[in-house]
Structure formats: C-alpha cells, structure tokens
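For reference, Swiss-Prot has these:
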- 47-56: compositional bias 'Polar residues' (COMPBIAS)
- 61-77: compositional bias 'Acidic residues' (COMPBIAS)
- Ser290: phosphoserine (MOD_RES)
- 1-35: region 'Disordered' (REGION)
- 47-79: region 'Disordered' (REGION)
- 113-132: repeat 'THEG 1' (REPEAT)
- 179-198: repeat 'THEG 2' (REPEAT)
- 217-236: repeat 'THEG 3' (REPEAT)
- 253-272: repeat 'THEG 4' (REPEAT)
- 285-304: repeat 'THEG 5' (REPEAT)
- 321-340: repeat 'THEG 6' (REPEAT)
- 355-374: repeat 'THEG 7' (REPEAT)
Amino acid sequence: MGELGEHRSRSSLLSIPVLDTKTSGGSEYRESDGSLDLQSTLFEDHWLQSSQATTERNTDDPEEEIPPEEMVGEELPEVSNLEDSLRRDLEVEVVGMSHLSINERTTPTTSSAKCRKKKNHRLLELAKPKFNWQCLKDRTGRCCKGHVWISPRKTNLQFCLYWPSVYWTERFIEDTTLTITVPEVSRRVEELSRPKRFYQEYYNNNRTTPIWPIPRSTLEYQASNRLKRLATPKIRNNIWSINMSEVSQVSRAAQMAVPTPRTLRLAKPRAPATLLEEWDPMPKPKPYVSDYNRLLQLATPKALSEKCVPDRSPQWEVLNVTKNAVASSRIISLAQPKIRKDLNEGYNPYYISPASLVAQASPRIYELAVPKHITKKV
C-alpha cells in the first residue's frame, strides 16, 4: 500500500509540466499524440488481460475471494515498469500526456471490470440448481413426526422447520431410517398428557396409591422449623364467646368527666324527619264531602201557603179528540224499540265475495300456494 501511494505522488508530480506545455503551445502535443495513444492502448490491453485473469480465477472458485493486498502486490511491478517507460519517453520526445490522463482513462475500465465481475458472479449463482430439501443424504437433518428436512450447512442440533421454496405440490418424504432418535418422555409427562376423562374414570375410582411414585428423597426429607411453623393452622378467636364486659371497659377519667351543654345537646335524639305533606308550602284543598242533612232538607217539598191560589187545578179532564185519536204507521214504527243483534249472530265465515270467485290467479300466486313441507298421514 505504501508503494502504491508513492506511485500516485510520482504520477502527480509528472503531470505538472505537462499542464504547462499544454498552455504554452499545441504543436508538440500533436506530435506526441500518436506515440501516447499507442502506449495508452498497450496499457489498456495489459489492464484488461489482468482483469480477465482475475475474473477467470473467480469463476473457477466463486466462493474464494482474493484479498486486496495480494491484488495490489501483483499489480505493483507492472505499474513500475510502465512508469519507467513513461520517464524514458518524456526525456526523449514525449511532452503531451501525463500519467494522470492514463489513470483517468483506466478508471472506467476498472469500474467496467468490477461490474463484469459482479455480473459473472451473479450469473453463476443463478445458474446453480435449487436445492431439493426432500432428498435423503448423509447430511445434518431435522426430524419432526416422521418427516425429515435436510439442512446443507446447519450443524447444531435444533428442531427447525424448513419449508421448501419450489416443491409445494410434493409430499414430504417419511424418514424410514430413523437416524435421529426421538427424546424419551417421562412418566410424569405421559400422565399429564392424558385427557381429563381418563383421570375421572380411573384415578377417582377408590384409588389408594398415588398416580406416580414418590421418590425416596422426598419421603426422607426433614422439614425445617420454619416450615412446621407455617404449616400449623392459625387459631382464630371466637368473638361470640368473649365476655363483652371485658371489651367495653370504661376508664375512670371518662366516668368522672362532666359533659358540656353542647355535648348534652348533641346527645339528645333527633326529631323524626317531617313528612312530605308538611314540607309542601302550598296547602291543598280538602276533598269535598256532601252533607247528608242538607240533601234531606233539599229533598223535602216546599209547603204551599194557604193563601196561595194556583193558576189551574192539577187535575183536568182529557178531551174526546185525544181519546179517539188513531196512531199512524210511522208513529208505530218509531214507537217500537231497536232490535240489537249479538256479536256473531248472522255472520257466515265461509262467505266468498263474487269478485273473488271470478279472479284469475297468476303463476307467482300458484308458486306461493304450494306448501313447503307435506306431512304424510300415519
């Protein structure tokens, strides 16, 4: 890397007089143009050959990458040879183009070589066939319920689920070799995995022995004093058996205390709350009750005075015209009371109007008239 930095500094120093010659005149630049073009083409060809060699090495082994230190070390002698040749040409007749222009020309070639390298690497990746995850090979596998998935680069034993990206329609191949052992299940897990119904039918049927054996270490374990104290049930006091005279003992100071008038007033019981009628500020009128004696007084007819002379006598004679009068048919019909029928008297529930008898039913009405379910007679 140090040599590459020195090479860049030398090339920059060499490019300074070239810029002065460009400003001074263009005749010498035209004369040296042909020789510089030839050298630039040779430099580009040599550069392309080195880049193609590196790409061929990458295509042979795409996974191995050459470190940048080795690449720089291989290119440094070639660059030094080019620098010596340029010095000789500049001393003789070359005063046109600097090493900086050569670098400017070679920069697109380096970028194109990198792009070409990436494209080749990508094409090699795409050219590889997709891995069949269902093929049984001597590789690290994963087993789950009789099915196996092969992992090409996994070495740690973990239960991973690998879904195939292409073979969706194919069924998983059952692992008949049984290369991976299933972990052993303890009796405790088996008992816990059984359904609740099995427990109710089997273990609740007058069973005296425990479900699973108790280990000897548990039986021989000696409980500490703290555990024994915590295991002792608490003794709760029965409040109904306590003598209340002991609880409600009044101190001597309270017995000798003299209450204030305020305390005596507060000690008196409160008067009951007033009723709703008493709270109403507007008095309501009393309900009306008729006076029976007044009714009897009003019902008694007035007594006529002896000096009262009536207009006519309350008894008078009926005329002969009235006695011989004959009632007409209209008067007789009006004199008869109205005859009222009962609720259902004269009602015919099966009466059909003549318009309904003449009506024609539409196909939709026939469709709606068909019953949904026809019950068969037993």
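Cβ from N, Cα, C; glycine included.
Predicted, not measured: the structure shown is a model, and the values here were computed from it.
In the repeat 'THEG 7' (355-374), helix, strand and coil residues by DSSP number 11 helix, 0 strand, 9 coil.
Other Cβ atoms within 10 Å of the Cβ of the residue listed as 'phosphoserine', summed over all protein chains shown, number 6.
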